[in-house]
Amino acid sequence: MSSSDPKTRPKPVTRPPAPVPPSSWAKRTGFKPKFSGETNASDSGQIALPPRSRENENQPDLEAGRARPVPPVVNGEQPVSEKGPAEKDQSVKKRREADGTNKGSSAAAANGHTVNNGAAPQPQQPTRRPSRNEDVVDVLPQNVDDEGFVGRHSHMKYELRDTPGLVPIGLYGFQHYLSMLGSLILIPLVIVPAMGGTYEDTANVVSTVLFVSGVTTLLHSFFGSRLPLIQGSSFVFLAPALAIINSPEFRGLNGNNFKHIMKELQGAIIIASAFQALLGYSGLMSLFLRLINPVVVAPTVAAVGLSFYSYGFPQVGNCLEIGAVQILLVIIFSLYLRKISVLGHRIFLIYAVPLGLVITWAAAFLLTEAGVYSYKGCDTNIPSSNIVSEHCRKHVSRMKHCRVDTSHAFKSSPWFRFPYPLQWGTPVFHWKMAIVMCVVSIIASVDSVGSYHASSLLVSSRPPTPGVVSRGIGLEGLSSILAGLWGTGTGSTTLTENVHTIAVTKMGSRRAVELGACVLIVLSLVGKVGGFIASIPEVMVAALLCFMWAMLAALGLSNLRYSEAGSSRNIIIVGLSLFFSLSIPAYFQQYGISPNSNLSVPSYFQPYIVTSHGPFRTKYEGVNYIMNTLLSLHMVIAFIVAVILDNTVPGSRQERGVYVWSEAARREPAVVKDYELPFRVGRIFRWVKWVGL
């Protein structure tokens, strides 16, 4: 019988697919994938995707930063698409590296064999070409959860450079800032009363924060990292600000305590901000980035949220029926009702904080008007020290915290007020407070680095290069100098909560953030807006902070998804960093109150008065102040422990997450378009390579 008889024809040998050669990006970063696109198992804690059909599928083009259709595979090769000459040569070169078809055809030609294209091809096992996203499935996480929190930019409604139109941009921009309302306004509502400021002072500081946030966001969008990130008063600066506010030299001041302490804060913030700007623009940040990896960022940012537990629920307990209800509402909206869509928008998930605030405020207003918190012969305007009646003394705290009409900020605030620099007076500079703030500015830079990379994997083609990160940190330093000159009480950095907002709203256009910043500047000029925000009762502020600080801790830990979260090395490092970030400050804070002192400091501020009574008691008061303050800050301890352990304990680049934040994609065209400076400003910085692409 002939060899073509189907009964005697040998069966083709089924061979396993050829190993996937690493792409040029993976070669440069040392990335070793643990699985291909056809596997669902992973031991590194990364996301494995189920197998999908290869036909009629839009795969993301990692070079161009957009989805492209994949043509059908014919005889093991893909037809050449219509591309430019340079792009065509590049694709041919990559195809030759991926399979050995060209080598086989060349060898056949050298041996005198010819290929008959007209005849039917001989049955052979076609060489499998891996899809473009198989060898990077571990690097750029796909969108597998309903919020899109680890989603790729191809699943965004609008990407970084999209400009869909004025109306959509305006709506999405307003939505973006409304969802960030808690992060923008809550810090002034905490620090101004702690400084002895009135409700009018709180309203003025809130208006100043809104103004500076709008201006610095525009600057960062144009000349910083160019990512759609909102700049504002960061919670990173809250703990050191409270430590400075409760310093012993400010106790017993006569006159306006608020302005005196604010000028001290301004001086410390200006010096620390200049140090941060120098760190970025000098190129030192590029060197410092070698020590900062996801394993370092995660516990450091998480410690910022965990450090304020003593302020949260103890304040809510002053009026439990108002504060607890607000916490429950925010939890129900953000978790149980998160999948409910109204007109294509997940209203309850996006606006969980504003909706909870409005509903709780309305309920408290109705209870106040109904006389639930009114007691015969008692007046909230009378100071507690002047109340004689025992009946009123019993209910004065409940009246103060539960009623919504105790603040007169809205009535007394003007309709128009322009925040101007040095509005509280000339800043006062003290070196010991400035050094504390300089160390904190490093922590703020670490926080921003995590936000840059997390947001870039959502809205951009590649993570920012070290030069872009340095440029962003330098501009954040300049932005904080503006915050110090205007007097916001804290520095200005990237708000970490912004990453969650981008993932939920799926709005990654920088134009939306820029338009929203312009609206924020206009609103800051309306004095009644600041007065309205300043009239929020303290219980509601504390309830919102319980949610915001919990979110901040979770967002910090979410940076571990860029590393091998299941690695025992990383688990031990993160666990030790978080534990010591709570335990070591507790040791320092137990010295906070002298047994013979009679301080009228609220219990939730007592951890911040350690500056004068800590265990460091040398003959140099300035050194005592710096060491006692820094080592009582949770985020400083977490950062120190994480940096030392992560950079001394052996671990692969993939295990530490270094490959995700590498500089391998520096010269890709999509990266240049995403991060290049506008108005040809980038030409000025061509000679400064450490702040460029």
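Numbering starts at 1 and runs along the chain as it is shown here.
Cβ coordinates are placed from backbone N, Cα and C, and glycine is handled just like the others.
TrEMBL: automatically predicted annotations, no manual curation.
According to TrEMBL, the features are:
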- 1-134: region 'Disordered' (REGION)
- 13-22: compositional bias 'Pro residues' (COMPBIAS)
- 84-100: compositional bias 'Basic and acidic residues' (COMPBIAS)
- 177-196: transmembrane segment (TRANSMEM)
- 202-220: transmembrane segment (TRANSMEM)
- 227-245: transmembrane segment (TRANSMEM)
- 265-284: transmembrane segment (TRANSMEM)
- 291-309: transmembrane segment (TRANSMEM)
- 315-336: transmembrane segment (TRANSMEM)
- 348-367: transmembrane segment (TRANSMEM)
- 512-533: transmembrane segment (TRANSMEM)
- 539-558: transmembrane segment (TRANSMEM)
- 570-588: transmembrane segment (TRANSMEM)
- 625-645: transmembrane segment (TRANSMEM)
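If you look at the transmembrane segment (202-220), the same-chain residues 6 or more away from its ends with a CB under 8 A from one of its CBs are 184-185, 187-189, 192-193, 229-233, 409-410, 412-413, 417, 419, 423, 472, 475-476, 478-479, 482-483, 486-489, 492, 494, 513-514, 516-521, 523-525, 527, 529-531, 533-534.
The transmembrane segment (625-645) is in contact with the transmembrane segment (291-309), judged by 3+ CB-CB distances under 8 Å for residue pairs 6 or more apart in sequence.
Away from its own ends, the transmembrane segment (177-196) comes close to residues 202, 205-206, 209-210, 213, 230, 232-233, 235, 238, 241-242, 245-246, 256-258, 261-262, 311, 350-351, 353-354, 357, 488-490, 495, 497-498, 501, 504-505, 516, 519-520, 533-534, 536, 538, 541, 544-545, 547-548, 605 of its chain (Cβ-Cβ under 8 Å, at least six residues beyond either end). Note: the stretches the transmembrane segment (348-367) and the transmembrane segment (570-588) are not in contact (fewer than 3 CB pairs below 8 A, sequence gap of 6 or more). In summary, the transmembrane segment (539-558) does not lie against the transmembrane segment (265-284): fewer than three C-beta pairs, each 6 or more positions apart in sequence, are under 8 Å. Tertiary neighbourhood of the transmembrane segment (265-284): same-chain residues 237, 241, 244-245, 424, 427-430, 433-434, 436-438, 440-442, 444-445, 470-481, 483-485, 487, 489-491, 688, 690-691, selected by CB-CB distance under 8 Å and a gap of 6+ residues from either end.
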